[in-house]
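Engineer: The structure is given below, and queries will be raised subsequently.
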Amino acid sequence: MFKKTLLAGALGAAMLTAALPQTALAENTLRMAYDADPVSLDIHEQLSGGILQLSHMAFDPLVRWTKDFEFEPRLATEWEQVDDTTMRISLREGVTFHSGNPFTAEDVAWTVERLKRSPDFKAIFEPIETVNVVDEHTVEIISKRPNPLLLNMATYIFPMDSQFYSGETDGGKAKDEIVKNGNSYASRNISGTGPFQVTNRQQGVRVDFERFDDYWDSESPGNVDAITLTPIGENATRVAALLSGDVDFIAPVPPNDLERIESDEDTNLVTMSGTRIILFHMNQERVEAFQDPRVRQAFNYAINQEGIADRLMKGFATPAAQFSPEGYSGHNPDLEPRFDLDRAKELMAEAGYEDGFSVSMMAPNNRYVNDAKIAQAVAAMLARINVTVDLKTLPKAQYWGEYDDRAADMMMIGWHSDTEDSANFHQYLTECPDADSGGGQYNAGNYCNEELDQLMVDANLEVDLEKRGEMLRELEQGLYDDAAFIPLHWQNLAWASAANVDIEPVVNVMNFPYLGDLVINEE
Amino acid sequence: MIAFLIKRLFHALLVMFVISVIAFAIQDNLGDPIQQMVGQSVPESEREVLREELGLNDPFLVQYFRFAVNAAQFDFGYSYIYNEPTTEVVLRHLPATLELVFASTLLIIFLSVPIGVYSAIKPRAWLSRFFMGVSIIGISIPVFLTAIVLIQLFAIGVSFTPFPADTGWGAWLNGLLSTEGGMPAYGRGDPVHVFGTWTTNFASLEGLTYLVLPAISLASIMLPLFIRLIRAEMLEVMQSEYVKFARAKGISMRRIYFLHALKNTMLPVITVGGVQIGTLVAYTILTETVFQWPGMGLMFLDAIERSDIPLIVTYLMIVGLIFVITNTLVDLIYGLVNPTVKLTGKPA
């Protein structure tokens, strides 16, 4: 199944007598298919799954997440909180970029400065004031205020080769400029410290990677010498390519094909509970009834999350009653989905709406797994408390424009916290909407609770992580009691590979497989 | 002749003008390109800056005028997703599509002519009935389904075991029903570079294996149509006076069928065929999506999904141009085959 260029004949025999390890003889090529390829080689151009997957292949972050949300040192070897706003980080020595330049503290400072200019990343890096270079392998990151999330941010700092990206191109343009729509130097040229070098790229067709010979992490078990990434947008084709042996690794795996792949003995399936919450907002500005917390609670009691997860999603989702998935500091284990139709009817009657009312609803039909079907199921469940739903589903390209206009009374959204932190959910989805600060940017419910907002602000200044977690759990409880929105589930993640490709250890809930550590076994 | 070509040139310009206006007019309904360019947590203020930069806030006429002036100088704008001039993007994807269409056309010609002629000469033979039956099924199955079935059968393989596999005859029958798979399920493999943006799958046997399944599924729409068309025309010609006369003169049947009758049969087939080649280009959207064939159709669908308006407009205009060119060629060929037709439509 894998291309193996075995050195034949006398040469092979000579090498065997020299007792070289077996792996030196065989070349492992991983052929993989994602649903899309990275839009650019500039990792600061867009904050998206595809770009982060590329970042973890061609670059290394300062620290990275382990499977259970711990930090694992990568280019940072040690870190220490000097005072409330200063963190001192020691950097790994003896690391070189693909271009051959050595990796130093300058590169970290340069990268953070560039992140603060990127339209997509600047919001995340706003709390950082500056990065001071202490010596060649030490930096101090200075925050504007106490910053409990600095290490979370550090997972996004993939030091770039500052020498390589400095200066001007032949056309007289700065090599470090970040251009969303245009041909910038950084979008075509790449130099990182990561396990793989990009050797060839045809956008929308394929990207070729080769293992970087001078990669610093010599302890990594990874034995993949080359990777070919092909985007295959069509679900059925992606699965067919794996089953027919044309590719060795695919993601995502469509839920309808999970069983088929599981039962195939030549393939390997890995699934795990994800962190993307799918939910409905109830717009209080458009519908007066939603201003009554009893009505919002009644809607929550009327929805059978477990039914949706079991039957509609075929178990490919974890029913949710809050934003934070398990493992996040704000995950409140006391909160359970509260499906209870009688209670829902009671609450509607109490609020004076036993005869129900009608609402409009919108959902995308190609953004999340089964999104349109989920919306139909929710509409059907609401009919049982006499609420008539006028549902409209749209392709994602059109949906988000409608979402920004708050075009329906109930709107679906899925959200993954960029910082893997609970406060992020509240900040974007349920904070009081404020156009100036950008708070509640996706709060299509127009829900507003200043007490909870204050709780989030306080939590974001609390450096004692124990205490901070408690505050975030209280925040989740507050949103739950208030029935600020209708949580549905966390979408699961799935990857599949050929049986001899051991993907289980390298995939994670963030969905950036650490392919540098991937092991392909001998068949 | 020259007058005819000049007239057609104006047609082409008019078609492209109309397409560009329509494409521009619907762009507001194609979604917000900014949404596709930035991450979910990017604040509205940043989006507004980008929108302004791209000129998306200008009124329709201003945007269209800017586009038209540039387009007159063959500058159709920059693709939002490829960050390149749209013409370059389309030209890079064009060869893959043309090769696919070419392969399908070959399949159609070399299958439909013999089958059509045969079923016209021997309308009552069981083989003719079989072809007619299959062609009905062929017309009614959507390309998408044909493609997926082909992948399942010949790329993944299926094994049916309705018969006892431990007996010799059972294993043999099972083997007959099952398929091995092994054909490539997606993409073009490693096509051989010819020149410029043109890489070809026709240069090697391996390249051809990538072409087989997509070409068959693309041909599956047109093939039945042409078989039936050729059969019907041939049947009609066979009834005509001059064929009867030729038979009366004792000319060999073979000569009558393939020299006299077939020539006249092909006249309407050429007209329909020319138009259908354009349609075939349109159908590549489906085929290319299923097979991840890196041609214009796949590119176009991607552009729609990501609201890449400049690329959408350029694609539509180029496909419009292809239609006009193929129609012109058909008219020219028709003139050659049938000298009684006057191109300019004026009495001679």
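The backbone N, Cα and C atoms fix where each Cβ goes, glycine too.
Please treat TrEMBL annotations as automatic predictions, because they have not gone through curation.
So TrEMBL says this about it:
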type	residues	note
DOMAIN	B:94-334	domain 'ABC transmembrane type-1'
TRANSMEM	B:9-27	transmembrane segment
TRANSMEM	B:100-118	transmembrane segment
TRANSMEM	B:130-156	transmembrane segment
TRANSMEM	B:208-230	transmembrane segment
TRANSMEM	B:265-286	transmembrane segment
TRANSMEM	B:309-337	transmembrane segment
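Mind mapping these onto the model and telling me what they sit next to?
Structural biologist: Long-range neighbours of the transmembrane segment (B:9-27) within the same chain, counting only residues 6 or more positions beyond its ends whose Cβ lies under 8 Å from a Cβ of the stretch, are 60, 63-64, 67-68, 71, 309, 312-313, 316-317, 320-321, 323-325.
Within the chain, the transmembrane segment (B:100-118) has long-range Cβ neighbours (under 8 A, six or more residues past its boundaries) at 125, 127-128, 131, 211, 214-216, 218-219, 222-223, 226-231, 234, 257-258, 262, 265, 277, 280-281, 284, 287-288, 293, 295.
Beyond the ends of the transmembrane segment (B:130-156), by six or more residues, the same chain brings 115, 118-119, 179, 181-185, 213-214, 216-218, 220-221, 223-225, 227-228, 231, 283, 286-287, 290-291 to within a C-beta distance below 8 angstroms of the stretch.
Only residues 6 or more beyond the boundaries of the transmembrane segment (B:309-337), in the same chain, are considered here, and those with a CB under 8 A from a CB of the stretch are 4-5, 8, 11-12, 15-16, 19-20, 23-24, 27, 30, 33, 67, 76-82, 86-87, 89-90, 94, 263, 266-267, 270-271, 273-275, 277-278, 281-282, 296, 299-300, 303, 343.
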